[in-house]
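According to TrEMBL, the compositional bias 'Basic residues' annotation covers 10-26. According to TrEMBL, the domain 'DUF1736' annotation covers 359-430. Among the features that TrEMBL reports, region 'Disordered' is placed at 1-35. According to TrEMBL, the repeat 'TPR' annotation covers 562-595, 596-629, 630-663. Marked as transmembrane segment by TrEMBL: 336-356, 376-396, 468-491, 497-514, 521-540.
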Amino acid sequence: MAPVEGPHGRGPHHQASRHAPPRHGATHGSGYGSAYSAARDQRTTRLAAKDGVLQDKRRVEVLVACLAFFLYWNTMQAGFVYDDSRAVLRNPDVLGTSPWSALFLNDFWGTPMSHSGSHGSYRPVTVLSLRLDALLASHVLGRGVSPVGFHLVNMALHAVASLLVLQLARRLLGRWAASVAAVLFAAHPVHCEAVAGLVGRADLLCAVFFLRAVYDYVRYVDWREMHRCTHNNVPTKLLESPAYVPSTDLVNKMLDHVLLESKGGPQGRPAGRRCAGDACAACGVRTVVLLGSAIGLTVLATLSKELGITALGVCFVYEMLVQHRRRQKKLAVEPSGLALLAGVAGSLLLARLWLMGLRVPHFAVADNPAAKDPSLLTRTLTFLHLPVVNLGLLVWPQRLSFDWSMEAVPRVASVADPRNALSAALYLCLWRLCRHTYRRLLRAARAAEDAVEDADDVGLSPRRTESVAVGLALLVLPALPATNLFFYVGFVVAERVLYVPSVGFCFLVALGAQRLCSRRAVLVQAALALTVLALAARTVTRNADWRDEEALYRSGIHVNPPKAYGNLGSVLSASNRLAEAEHAYRMALRHRPNMAEVHYNLGNLLAVMKKYDESARSYEQAIHYRPTLALAYVNLGHILARQGRVQDATEVFRKCVLIPSTGLRDPAAHESARVSALVHLAHIQVGQGRLAQAKQDLDMALQIRPAHYETGPILKLMAEVTSGLKANETTAGKVVKKVVLKKREAALTSTPGTLLNESRCVTSESRSRVLSHS
């Protein structure tokens, strides 16, 4: 018979009364009555102790939730910064201007997945949550699209994720280590980008579903392995045992209520009867619920962000540990769980590739320079070094940045580069840790020093080596999609991508602290307290950088000067601080001269300052470095037309109209620029009296315009052109009529055949002349 758990175990427990009456035929004076009273007293004492433990757990949960939530309270004053503008303010799927079905057809940025320029980030669950936030703010609260609600939801999701870290760690590490891991996770400043930036909603949702999926799978496996059935023919001594305590797990309580407390009980037996026999129908339902929950939550995590699929990998590692434990106990290995996880993972990968059209998205060279480097050695050494950079952000999160693209992490181009030593040291440590864990597992030691503290919290009581293995899986597997190992990604390093892998990092730190605490408890606890305080202080100060774009970009100058200066120039220009903006743009170009966007923005600034010649040169530089930058063509044509170079402006506008949107990251903005070029062309045609050509350009503009493009100016100009064409047709008709009447008067003395031929000829010549004039 399987052992019975305490109040914090995983399985369902009997809901019998704590003071059950003695069995039929027993008296209080009998030996049995005395034994029963003693057992009841022992059980009451155990319940009282467990109630104290339960209260301690609740205090820790409240502490973790409050810490995770209120550390980010100063983000409530933050606005839409960096990528938030494109992801929220310019995304029709979030603003509600597109149909609900578009959420499942477009990528995270609102571009159709079928478009060649799509980012490939299929995250409908994340976009749906952002849309609900916008809907609540604009329609229910009547405040428009305000960032406050978005930030509030992000803070709540971070608190939920921290509680899930605590819940999962209690099952795998023990109470003390779980509390340490959860507090470290809640306070770590590397999470600021994910929580303070609204684009990080994808990472937060993915983490919540990811952690709950792993937790439910662990519960499913433990229930399956313990063979805990409590439905039929339960021995009376089990109910009388002082070890028996009712379940406190909310999900198990709900399942008990559905499966056991219904009228008549399972299989028609009276409600309230329990047993500890083999599996039955009710237990089958329980396993299906837990397993289905794990798989369903993994799907939701994957639809929130792509790395959610790695939850199946963590479950796979845990399943392998359980099968290894079965082998130690001379039990048959059951590969069905491993096969199921592999099948689900394969299905999700195939569905993901199908959604992307069996192609890999393309990114700009500046986003990930090493991916485009022609040298295989440089690519290999650089990508091997990036995990060192990521680990450094987790260990010492002082040097943080909103963007790590371009040359923020210089490429490792030579074997002699000293950074290769750090890479080798990291992989050596990982290899030794994995080898040590594997050898410990092979020894199958069940010594007391390997047992995890507080077995009631971990059900199957996995040894410390197994906990290390799960921690490594949580650290490594979620980070794999961003390592450029399987495919190139659109960034070098991203702090928000570390949100889920940091769970494994916190697990390993907590396990190390737990081991050290057995030797020098006071010193270790003091060090942990100081570490948490330092992390919390850094989190609060880092949040201040995300309050507005100027503060954010200034904070990134020391990491990524060209990107930070370029974006800072745009912010200063919008604030009418033109001299500062020009300095920022020129500083960005000094660090990286081939930035087309900076050349374009500098051209806009110089045009405002009425330095038209310099502005035109900046636009030409932008076009040189990016021939598909349609907005640069539009503004260059406008400057040329202002300078009286109408023919040159017409040629520039025509080139802009002919640029296709294939492979572009933001096709909607590109099509808007093409529409603007057509409108400018129509104005030039009207000024030159070529109304028919102007009407053709306007018709094309109406045909290709994006849904969000304002049609008012186009329709107004179209009305003027149409009115002019009608006036010309009226004038042409009068001219033709006068010529025909004169010919008829002159031909009264002519023959009918001659009159007909001449009238046809004159009419044809007159129409040709009028159309040519128009």
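Placement of Cβ uses the backbone N, Cα and C atoms for every residue, glycine included.
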Next item on the list: Go through the chain and flag residues at least 6 beyond the ends of the transmembrane segment (521-540) whose CB is under 8 A from any CB in it; none is fine as an answer.
Entry: 67, 71-72, 74, 180, 183-184, 187-189, 191-192, 397-398, 513
Next item on the list: Run through the repeat 'TPR' (630-663) and tell me, per DSSP, how many residues are helix, strand and coil.
Entry: 25 helix, 0 strand, 9 coil
Next item on the list: Across the whole of the repeat 'TPR' (562-595), what does the mean pLDDT come to? Round it, please.
Entry: 94
Checklist line | Same-chain residues at least 6 beyond the ends of the transmembrane segment (497-514) whose Cβ lies under 8 Å from its Cβ atoms | finding: 165, 168-169, 172-174, 176-178, 180-182, 184-185, 188, 190-191, 194, 200, 203-204, 206-207, 210-211, 307, 310, 390, 393-394, 453, 464, 467-468, 470-476, 478-479, 482, 491, 524, 528
